[in-house]
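For reference, the structure is listed below as structure tokens.
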Amino acid sequence: MLNTNFEKEELEGHRTLYIGVHVPLGRRSHRRHRHHGHRHRKRSKERDSSADDGRESPSHTNTPAQRVQFLLGTEDGDEEHIPHALFTELDEICVREGEDAEWKETARWLKFEEDVEDGGERWSKPYVATLSLHSVFELRSCIMNGTVMLDMRANSLEEIADMVLDQHEVSGPVGQDARRRIREALLKQHHHQNQKKLANRIPIVRSFIDLHFMKKIPPGAEASNVLVGELEFLERPVVAFVRLCPAVLLNGLAEVPITTRFLFILLGPLGKGPQYHEIGRSIATLMTDEVFHDVAYKAKDRNDLVAGIDEFLDQVTVLPPGEWDPSIRIEPPKNVPSQTPLPLQSLHRLFGGLILDIKRKAPHYLSDYTDAISLQCLASFLFLYCACMSPVITFGGLLGEATEGRVSAIESLFGASMTGIAYSLFAGQPLTILGSTGPVLVFEKILFKFCKEYGLSYLSLRACIGLWTAFLCMLLVATDASSLVCYITRFTEEAFAALICIIFIYEALEKLFHLGTHYPINKNNNLQKLTQYSCACVEPSNPSNETMRFWEDKNITASEVNWTVLEVKECEMLHGDFEGSACGPHGPYIPDVLFWCVLLFFSTVFMSAFLKEFKTSRYFPTRVRAIISDFAVFITILTMVLIDYALGIPSPKLQVPSKFKPTRDDRGWVINPVGPNPWWTTIVTFIPALLCTILIFMDQQITAVIINRKEHKLKKGCGYHLDLFVVGLMLGVCSVMGLPWFVAATVLSISHVNSLKLESECSAPGESPKFLGIREQRFTGLMIFTLMGCSVFMTSVLKFIPMPVLYGVFLYMGASSLRGIQFFDRLKLFCMPAKHQPDFIYLRHVPLRKVHLFTIIQLSCLVLLWVIKTSKAAIVFPMMVLALVFIRKLLDFIFTKRELSWLDDLMPEWKKKKLEDAAQEGQCTFINVTVYVPEYKCTSIKTLSKARQMYLHSVFHTQGNSMRFT
């Protein structure tokens, strides 16, 4: 019975290693190949044990896997047998003509193998180690027949050499002269690869390079030294496996100054140097294996080590010779683990969820600011500030046009700043970025039109609706209604996120094309008539009634105006006409501007994408690449602004209000909810407030679900109730002050999260940095909206930012936010032959026709949402988003639960038992393992990876025993 959570990817091929068969005259390597199952061989023969430390293992287990499981399930009570990270070094004895012999470093393992290249000048690129099957069996024979000394207590290499030789003589006499010469060989000087590389460098450079490699070694790591070679005076091999207790710092033995825990010694007669080398590689590779590594720390005798090797062999796949290229070095795999988020439940008491959110977030409040001490946060808020400014001002401008200036750009800027600051300070998930939404703008337009037709005060009626909406949001918080987000599965979440991303991309391109109306292209150019290229202002030949009234109001006599000397703005103000070959429909053609805007737009997109991926390039040190990647968008914007300023082409610029005061003089910063309206309007506004509440709730919570998804590996917990409480409270404040309403913005929030991704600094050479999670803090959001509020006083700087650059940032954000959306991966499958389809995990378990059917249903919902969002019925958009939840429930009748578990998340049951709050951080899961085997029962708390949990479970399932994970 298995009661633990595993990722779907880990259920497949959870522990796969490959071994190529022995290939003469070449290095071994292998292809990546999917492992389709476990093969456990029963061995009835008991092997003799010769434990040198007096500790014995039980002999009741009849398979290597059972023995390893029992060994790893025990606790020793002392810290000496707790596994540590290992750095493994392979040294071979080298004899040069006319020089003394010395140990020369030939390979090293932190996780993947690195070899000293033939020229001896550099390390190879890290690769997955591949071994010959023959060398692994020879290693097994060495462990069975050689010297095994566990928990040796020694303080120097001299003591180790003496104790090994003493034990070696037990199996047969060596002779005093041979013993002396073997001891001298073991104590020879060790020459490390970095010594030659650093010999010609100044000391400070040598220290820097050493420190750079030490950063890749995890804290607390220990060394495993493998010494192999051939000696001409030996008649039989000297083999020893030594585990020191405690680990000892042996100066000069390892490349890095860390304590040594393990030594493997193999010295043999001449003529078998390559064979010894391969055996050394085999033990070094095993020491990096997840299971054998722990076996080596916990082994009680040689039988445990042999069982560890046998268990390793149980998991390998042999590649026949001639079927693969042994010269290929396999690239290290890329794997980003994910973890399960905390379950969200209703506590069935007033404000129970809110109180729980506060208790969950309070301990992390101080760290929300201390964790922001990073250049990454600086890059993030500079990028998001530029990205947030334009939509806020644009939204305010559109709202000003729709409401005749009652709520315009300055109100939008002030409202966004105030709401954003409050949200960043007190919300449960400060990674969410607030912004304006399309449905809110549609609602404002309908409301203003209604008020104008019936003679009602728009701002007062809007304040009533806002207060009712705030009250209803508080009611939802009080009743823990946010717990219903558990019904928002990947189906709904991806449809909504995809729609918002597509809208961002569409609007960015639409705004670019719209520039063509302001800066039209002259398609009737005749190069031979460039000398006649002109556009002059002239008196209208047939002035309209509107123009006549304007002249009459301004006391303008058309015949007295010198039209030919007027500038463009003056001519447009006086309603003059433009005449000439250089005149367009709305005035003179403006050369170069449209083409320059297109260049700025696409240059911004491509440069942002290029610099963001610069982290994975091969140029510059790691730290420099990381800084360039973090500041990618800001560097792009700054570069484009400087180029635009240098060329001087009059591209459209960002327009920011220069005075902090209401747009209209007939309104203030506080709005009376009743005002001139009848008293009953305060009651009937409850009805439109219901629609607004649904809009606010769905927009806020779907975005929150996307931000809190398990792939982001958030450690400080979510805060759905607290988020909605802050949004509802600020919505009421903005309503009373006559400011726009703001709610979670999906694309901006996803971009914010993507800009704060954390990767491991300590990674083995060749290993891709591991995704650790998101830098969870409040500083970036706080600074974004604080700086936004100060933008009124930075007009002199912001006026240089070209709008096409900001449109390009929108397109980049929309496109980059599409990454990781499974829906788009499934869409690509329609155009791929089966043999070229990626190895997605759901394709292994769900028929392709069912995958296509699921995608078609999701695509239909997306198209329906798009049609409603862009039509006059946009006011019902939140209702359609809510309908997606019910559509997803209907899929239970079309697909099986097993199919939905791979394509989507299973819907919660109506009466579901309360889940244990046992989600853990990091890549390891703390579990309570209870193992039932004949005559033995062992219970312990230990740290196991999910892959090993699955492996050990499969072992006991195969053997008919029982295992329980709780």
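A Cβ is built for glycine as well, from the same backbone N, Cα and C atoms used for every other residue.
Under the heading region 'Disordered', TrEMBL lists 23-66. If you look up TrEMBL, you'll see 25-44 marked as compositional bias 'Basic residues'. According to TrEMBL, the compositional bias 'Basic and acidic residues' annotation covers 45-58. Per TrEMBL, the feature domain 'Band 3 cytoplasmic' maps to 84-211, 212-326. Taken from TrEMBL, the feature domain 'Bicarbonate transporter-like transmembrane' applies to 349-908. Residues or ranges marked as transmembrane segment in TrEMBL: 378-400, 412-435, 455-477, 484-506, 593-611, 631-649, 679-698, 719-743, 851-868, 874-891.
According to DSSP, the secondary structure content of the domain 'Band 3 cytoplasmic' (212-326) in residues is 41 helix, 33 strand, 41 coil. A contact between the transmembrane segment (679-698) and the transmembrane segment (631-649) is absent, since fewer than 3 of their C-beta pairs, 6 or more residues apart, lie under 8 Å. Below 8 A, the CB atoms of the transmembrane segment (484-506) and the transmembrane segment (874-891) form 3+ pairs separated by six or more positions in the chain. In this chain, the transmembrane segment (719-743) lies in contact with the transmembrane segment (455-477); the count of Cβ pairs under 8 Å, excluding pairs fewer than 6 apart in sequence, is at least 3. Counting Cβ pairs under 8 Å to the transmembrane segment (631-649), the top-ranked stretch among 378-400, 719-743, 874-891 is 378-400.
Within the model, the domain 'Band 3 cytoplasmic' (84-211) shows a mean pLDDT value of 80, rounded to a whole number.
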